[in-house]
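Colleague: Got a structure here, written out as structure tokens. Questions coming.
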Amino acid sequence: MARGIQGVMMRGFGARDHQATVVSTEAITPNLLRLRMVSPTLFEDAVAEPTSWLRFWFPDPAGSKTEFQRAYTMSEMSPETGEFAIDVVLHEPAGPASRWARSAKPGDAIAVMTLGSAGFSVPEDPPAGYLLIGDAAATPAINGIIGVVPHDIPIEVYLEEHDENDRLIPIAEHPRMRVHWVVREDATSLAGAIEARDWSNWYCWVTPEAGSLKHLRTRLRDEFGFPKAELHPQAYWTEGRAMGTKRGDDDKTPEVNPAPRADKPEAPAPAAAGRGNWRAQAAGRLLAPLKTTLIISGVLQAIITLVQLAPFVLLVELARLLLSGASSDRLWTLGVVAISLLGTGSFLAAALTLWLHLVDARFARDLRTGLLTKMSRLPLGWFTARGSGSIKQLVQDDTLSLHYLITHAIPDAVAAVIAPVAVLVYLFVVDWRLALVMFVPVLIYLVLMTVMTIQSGPKIAQSQRWAERMSAEAGAYLEGQPVVRVFGGAAASSFRRRLDEYIGFLVAWQKPFTGKKSMMDLVTRPGTFLWLIVAVGTPMITSGAMDPVDILPFLLLGTTFGVRLLGIAYGLGGIRGGMLAARRIQTTLDETELVIREQTGKRDGEPAVVFDNVTFGYRPDIPVLHDISLQLTPGTVTALVGPSGSGKSTLAALLARFHDVDAGAIRLGGRDIRTLTADELYRQVGFVLQDTQLVGGTVAENIALADPDASIERIQDAARDAQIHDRIMRLPNGYDTPLGAASSLSGGEKQRLTIARAILADTPVLILDEATAFADPESEYLVQQALNRLTRDRTVLVIAHRLHTITHADQIVVLEGGRIVETGTHERLLDAAGRYRQLWETGQRPALATAAGPTGEAVR
């Protein structure tokens, strides 16, 4: 069958035919047909991810040997069985795809390719929301995206209605999704229907008819400010060209009054807002002060590159003069000029590098200062949501990546472009025929690179996800070595299995490219260019078609042509890495800071702590705490209990102002905590977390974090009260022993060290995340003694994980689903036979099971 130049090119890029056989057909709507197919080899190349699409070769309805290529997104896929489905819009008049689909029956076969398809995946740093725009043809891809978007991220779907049956197409479910149907009156209808609001940091998937796409791109870019990185446009079809045939006037889309879907009521519209900052443009904002400097450095590098090439040109002219018998004075003059230019080029290159290093040093100083200042104003919740590794990467590694971008990447990239272009121009002037030969290795390299890039397709994104996943798992595996070694191979074998899967993925991806990579390396070597120059230049010289001296510039400059071209990739790679680092840094600088509000008045006579109708959510419009009202009387212990995910830790974190509430207020001694500075707040509120943290420094410095000026006597008294003094004295240097990540203290000892820190801080209000949860029995007793001393005469809010530790609390608050469901003492709540009693009885069952004897009966 004839596929024309398009088919030849696709085969050249490594695409291969797979035969797909129709299994069944199903009419989703009167004008949308689902074809279920099976192919035993398709998923050797295809990726089973949302939005993955296939290239079908449909026969010509006229009966010729020509085949027509059409692309369809898979609406169903099963790599294990090789089964998949596509949804075909049945156009009238029918083109090749529509006509074939209408007549398709089980057993019919068709050729399929997978070249160029890329799947969709939710990024690790999710966008503010997803704006999905299309029509009936785009619904398989849109449904695929909806199916993997987390339920706490909003989705806005705009679908263009070309036929009254379009609204019958099933749309995937999502709790935060709104679907808008827009009747097509002309190509501007869909663009005009997009809500005027702040779309900052939304991901936009645009796949409508080609005419609509043109107007959509204009409005999304110009009015809403969508950057290219967040705008993913592609025309799925063109009106008037019904799958390759001319559409007549009779099949004009009928107008239908828009109506909301019966099975999918729309949620309230979000409030309009002004245009905000886009994360995709963050790098540009960070580097804006350096824009002029970087442009100047690029221009200077271009000049320096030409100056550095000039001596080689003069060397060729020197050889030409020498062979022609020129006078020694002329030769000396030319030689001195060449040496002078060589020295000048080296001096200018060194001066440019020195200048850029000075610029980078000042920029890095200001950047680190601004970054650390910003971090001091961020809520503590920002830090708890990130590991120390990511913060280290931000402050240290990313700023180092900017060093290469500022000082080296631009000059390297400019030199890599200017040098080969200048060399090529000069060689064409010398002899255009031999210069033309220099393109042969370059073209081979570019073709091979293009083929590899196209064949890699979705595997590039997969490799990035694999690398991120393996980096995280390797870190967790190394950190958990003590546990892994004690408890054996389960964790180790799991990590090794995942590592083997990763290696298998890389081998399967790269093995077919072995020959291509070897060829790419070969064609860019200086020896390859030298062989070409000699092989072509020698016959030209012997035949008199070329002056012998003219081959010298090719031997001096042409042999390095391939190496110079490779410098472009290295320079662009450095720019790409630096821009990603700049984006991460600027995104951090754009984070919302804690704002100190003006004090509007103090409510005298209030309890120590008051939660007044507090509502809070980690993402907008998704509250995890609902209208929490709670009072903590001075000198009492209040325990928060509830199942996992009920909001205990979140509620306690709000008192420490890890985050600001969305609604309501938290008052401390009658003052809204948002009117307190960090120093004022943490002089009154202390906390002991279950996940203890030690900082680099001595034992004494760790205890004295809250009061760096504390005397050694006060530090030791706090340690005695925390039952840790004797253990400290057994350390090599006592209180002067350095501690840190490699500390030899046990978990219980670290907990007692943090309790000593809280005792020394002596705050009237204490937040306690049940610190004995992971302590051994002996250490638990010492920790409990330390806690008894710590909680004396304080207002305590304790997050209880084991109910038997809080039976004597003055007040027990039961949370479920972010709401308070019960409040009272242990005895009253047990008598009430409510949720607390259920939790209590559930907590007793493991204890009986643990105490079971050999026969399985409980030991009394």
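Glycine is treated like the rest: Cβ placed from N, Cα and C.
Model, not experiment: these values are computed from the prediction.
From Swiss-Prot, here are the annotated features:
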TOPO_DOM  1-293  topological domain 'Cytoplasmic'
DOMAIN    15-124  domain 'FAD-binding FR-type'
BINDING   ARG70, ALA71, TYR72, THR73, ASP87, VAL88, VAL89, LEU90, HIS91, ALA97, SER98, THR238, GLU239, GLY240  FAD binding site
REGION    242-275  region 'Disordered'
TRANSMEM  294-314  transmembrane segment
DOMAIN    295-577  domain 'ABC transmembrane type-1'
TOPO_DOM  315-335  topological domain 'Periplasmic'
TRANSMEM  336-356  transmembrane segment
TOPO_DOM  357-409  topological domain 'Cytoplasmic'
TRANSMEM  410-430  transmembrane segment
TRANSMEM  434-454  transmembrane segment
TOPO_DOM  455-525  topological domain 'Cytoplasmic'
TRANSMEM  526-546  transmembrane segment
TOPO_DOM  547-550  topological domain 'Periplasmic'
TRANSMEM  551-571  transmembrane segment
TOPO_DOM  572-860  topological domain 'Cytoplasmic'
DOMAIN    609-842  domain 'ABC transporter'
BINDING   GLY642, PRO643, SER644, GLY645, SER646, GLY647, LYS648, SER649  ATP binding site
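Describe the structural surroundings of these features, if you would.
Modeller: According to DSSP, the secondary structure content of the domain 'FAD-binding FR-type' (15-124) in residues is 11 helix, 51 strand, 48 coil.
Counting residue by residue with DSSP, the topological domain 'Periplasmic' (315-335) contains 17 helix, 0 strand, 4 coil.
Long-range contacts of the transmembrane segment (336-356) within the same chain, counting only residues at least 6 positions beyond its ends with a Cβ under 8 Å from a Cβ of the stretch, are 293, 297, 300-301, 303-304, 307-308, 310-311, 314-315, 318, 406-408, 411.
Broken down with DSSP, the topological domain 'Cytoplasmic' (357-409) shows 48 helix, 0 strand, 5 coil.
In terms of DSSP secondary structure, the topological domain 'Periplasmic' (547-550) contains 3 helix, 0 strand, 1 coil.
The list of residues near the transmembrane segment (551-571) in space but at least 6 beyond its ends in sequence, with Cβ under 8 angstroms from a Cβ of it, reads 309, 312-313, 315-316, 319-320, 409-410, 412-417, 419-420, 423-424, 426-427, 430-431, 434-435, 438, 441-442, 445, 523-530, 533, 537, 541.
Looking only at the topological domain 'Cytoplasmic' (572-860), the predicted model's pLDDT averages out at 81.
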Colleague: Neighbour count, 10 Å Cβ-Cβ cut-off, for GLY647 (ATP binding site): what number do you get?
Modeller: 23
Colleague: Beyond GLY642, PRO643, SER644, GLY645, SER646, GLY647, LYS648, SER649, what residues of that chain have CB atoms within 8 A of the centre of the ATP site's CB atoms?
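Modeller: Near the ATP site, the remaining chain residues are LEU815, GLU816.
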Colleague: Name the one residue among ARG70, ASP87, HIS91, SER98 whose Cα is closest in three-dimensional space to that of PRO643 (ATP binding site); these are the binding-site residues.
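Modeller: Closest recorded candidate to PRO643 (ATP binding site) by Cα: ASP87.
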Colleague: CB neighbours of ASP87 (FAD binding site) within 10 A?
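Modeller: Excluding its own Cβ, the number within 10 Å is 25.
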